[in-house]
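> To start, I am sharing the structure in question, which I have written as structure tokens.
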Amino acid sequence: MHPVRKQRLIFVVFVVVFATVAIGLMVFALRENMNLFYPPSKIAAGEAPVDKSIRAGGCVMPGTVKRSGENLDVNFLITDGSADVKVFYSGILPDLFAEGEAVVVNGKLSESGDFNATEVLAKHDENYMPPEVADAMAAAGNAGDGAQHQKTCEVISYDS
Amino acid sequence: MDWTWFHRLGSPRWFYEKSSVWLPYLWVLTASLLIAGSVWGLAFSPADAKQGNSYRIIYIHVPAAFLALAGYYVMAISGAVGLIWRIKVAELTMRAAAPIGAVLTFVSLFTGAVWGKPTWGTWWVWDARITSMLILFFLYLGVMALHNAFTHEETANKASAILALVGTVNIPIIYKSVDWWFTLHQPATIKFTSESTIDPSMLYPLLIMVIGFYALYALALILRTRVEILKRERRTKWVKALALGSA
């Protein structure tokens, strides 16, 4: 290779490596701030700030959704398998909201450890299947495997 | 090793003439893949168990997002090749790739917002995946703006190629964002290392659409590169002859 071209190649490699290391370190330093929400285990461990606008995310524990008879008030437990947080909300829930599905709630954590949500977002998983297949899988008690960081709600055991 | 093919590829005239031969085939391939994929995906594949028919936006959203990421590497690598070997066609390809990538990124952001409203309950959320995708959009616009900011073409090529190269850091961040952090966006469905978590009846049309978008990308890139070639070589004999011949 021509020495001038070789020099330019080294320059290009240097730019890419330098930028990767610099931005990589920045992202690593900010890694906690990159999370959109706190999982219930971090809230239970006291890592989430109280009375500040934050988001919490987890799976809606089956059998815990309680709706008020007169108004839109609803409360339910969200869990990540190791801890759970009680969420209070008043409003219309998204279509995909269901027991055993993931949600991200926006609101404030109270002193008592309950979460007062102003917004509830449904977080759908990465599985797509026709209704017949879903029924068959539910009948067989089969569940998909989760990603490294974000477990799908099927793999969580709700017994704890 | 014989490098003549590499240098010939670098000649704008050779590229222009050769690509005239490729284009008709590429048009047919792109059109048939996109028509087959969208008809299959929109009309014949089953509805999703949870999302119903709204999941069908996946057939635009995912291929557009794939190509927005892959297209960035096309742009950055052409920029690097232009920077190192001063190959004209590579410099022109980098220029041509920026607006195509910007459009694809916009399409994936827009379809994502439209999809997010009925499923998540919101158009937009500042999670890691969506924010890093927005940064990708700005990177594409930045490369275009930086190139236009210089009157001297060589400086413009150099500066925008370096910006494109620095921006490559963002691509693995976008790709892994859903695994590294808690996001509202779900993790990847089509996996390269393990089985994809989508039913085959929905996966096949999606794969056809992905290949179709690759073909569409190649087509758009070649068409735009040809325009850039004509603009840059407008004073040469062969372009003048071409213009007079077709007029």
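Here the Cβ of each residue, glycine as well, is placed from N, Cα and C on the backbone.
Feature list, courtesy of TrEMBL:
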DOMAIN    B:26-185  domain 'Cytochrome c assembly protein'
TRANSMEM  B:21-44  transmembrane segment
TRANSMEM  B:64-85  transmembrane segment
TRANSMEM  B:97-116  transmembrane segment
TRANSMEM  B:128-150  transmembrane segment
TRANSMEM  B:162-182  transmembrane segment
TRANSMEM  B:202-223  transmembrane segment
> Between the transmembrane segment (B:162-182) and the transmembrane segment (B:64-85), are there three or more C-beta pairs closer than 8 Å, counting only pairs 6 or more apart along the chain?
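In contact, yes.
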> Could you tell me what the rest of the chain brings near the transmembrane segment (B:128-150), counting residues at least six beyond its ends with Cβ under 8 Å?
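Result: 65, 68-69, 72, 75, 94-95, 98-99, 101-102, 105-106, 108-109, 112, 156-157, 159-160, 163-164, 167, 170-171, 173-174, 177-178, 180-181, 183-185.
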> Let me spell it out: take the transmembrane segment (B:202-223), skip the flanking residues so only those 6+ beyond its ends count, and list any with a Cβ under 8 Å from a Cβ in it.
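19, 22-23, 26-27, 29-30, 33-34, 36-38, 40-41, 44-46, 48, 55, 58-60, 62-64, 66-67, 70-71, 74, 93, 96-97, 100, 104, 190, 196.
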> If I take every residue in the domain 'Cytochrome c assembly protein' (B:26-185) and average their pLDDT values, what number comes out?
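Its mean pLDDT is 94.
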